[in-house]
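**Q** Sharing the record's features from TrEMBL:
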{"type": "REGION", "residues": "23-42", "note": "region 'Disordered'"}
{"type": "DOMAIN", "residues": "201-351", "note": "domain 'Peptidase S54 rhomboid'"}
{"type": "TRANSMEM", "residues": "242-260", "note": "transmembrane segment"}
{"type": "TRANSMEM", "residues": "266-285", "note": "transmembrane segment"}
{"type": "ACT_SITE", "residues": "270", "note": "active site, nucleophile"}
{"type": "TRANSMEM", "residues": "297-319", "note": "transmembrane segment"}
{"type": "TRANSMEM", "residues": "331-350", "note": "transmembrane segment"}
{"type": "ACT_SITE", "residues": "335", "note": "active site"}
{"type": "TRANSMEM", "residues": "362-388", "note": "transmembrane segment"}
């Protein structure tokens, strides 16, 4: 799917009014840098009146809708002053929280009809609009995304991970001649990708266990959730942010098992999947009135039922008599580690579409908490197993 045709005039006008396009480099270089005639006291602020004069002097470089939305920024500052650097950032296509707040205030007189009311859209445009309404709670963000998305790059991360999981499952199934409840096969744990407590010093196992699944019933639900939830989220937020949530959930899942269920192995991508789904569901609940996805209550109920069934299957399997005692079946604690990441780091990422995460205090709080947990788990793995004199299952 390439670039989609131009949207209807109403949406195009509003979307244009809600974004500041990047100026040509030479035009951007000609912008003044807080000159004395505008900022006589060198305070870094200019009055709204002088701001309007500055806009007039650069009106030839601005789209009329762009100029209108900048004037809305001036109207939104009751104190009569605007940070000059904010203006320069806006002209350079750097969206900021101050810009968003100004647009949200000025949007009452600038906005046209909602994106959902646009008619005559192509199939690709309808798909992009559908993704926007599935994932973003604010109309301004939905229009911004709809106007700027080009499918370049495509949502490669979730698709690549899913294909690798399916390919390795099929390969392992042929190798073991078993596809249902593969985990009961006596040679299953010999795979070098599985996390095993006796082999916890092999650091790659804390991540690679996602490519091994207990059976086709385990793989199936994870793949469905990854594709239905992960791909749309990646289309909106990008591979870097969604990959961060996914991998953080995966690592938290295996580390949580090594701390809370010390004798059990770990398989499956549930840690990453539950991180994404939990973040998405929490974002919907926190922005309930703004989320316009269809049948959201029913779909949330279905998602929670599916997650509960998968978690129940994992709990049942964990306490089911093992096919190769004394090693137990894989742990279910990785699911809980993924949920913890989703409702902390994941929510912050999804709530700040195209905003700088490093500017969000909650982001640093949760990053610090996650780092402390990882460091604690590392030291726990180094010292606790010996200090507790824990009897571990034999190596596979």
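Glycine residues also receive a Cβ, built from the backbone N, Cα and C atoms like all the rest.
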**Q** Sorry to bug you, but what's the C-alpha spacing from the residue listed as 'active site' to residue 270 (active site, nucleophile), rounded to the closest Å?
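**A** Given the Cα positions, residue 270 (active site, nucleophile) is 6 Å from the residue listed as 'active site'.
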**Q** Which stretch from 242-260, 266-285, 297-319, 331-350 shares the most C-beta pairs under 8 Å with the transmembrane segment (362-388)?
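**A** By Cβ pairs under 8 Å, 242-260 leads among 242-260, 266-285, 297-319, 331-350.
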**Q** Taking only same-chain residues 6+ apart in sequence, whose CB is under 8 Å from that of the residue listed as 'active site', what do you get?
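**A** Spatial neighbours, sequence-distant, of the residue listed as 'active site': 253, 270, 271, 274, 310, 311, 314.
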**Q** Short question: which residues 6 or more past the ends of the transmembrane segment (297-319) have a Cβ under 8 Å from it?
**A** 183, 214, 217-218, 221-222, 225, 229, 261, 264, 268, 270, 274, 277, 281, 284-285, 328-332, 335
**Q** Using a 10 Å radius around its CB, how many other CB atoms surround the residue listed as 'active site, nucleophile'?
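**A** Around the residue listed as 'active site, nucleophile', other Cβ atoms within 10 Å: 32.
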**Q** Across the whole of the domain 'Peptidase S54 rhomboid' (201-351), what does the mean pLDDT come to? Round it, please.
**A** 92
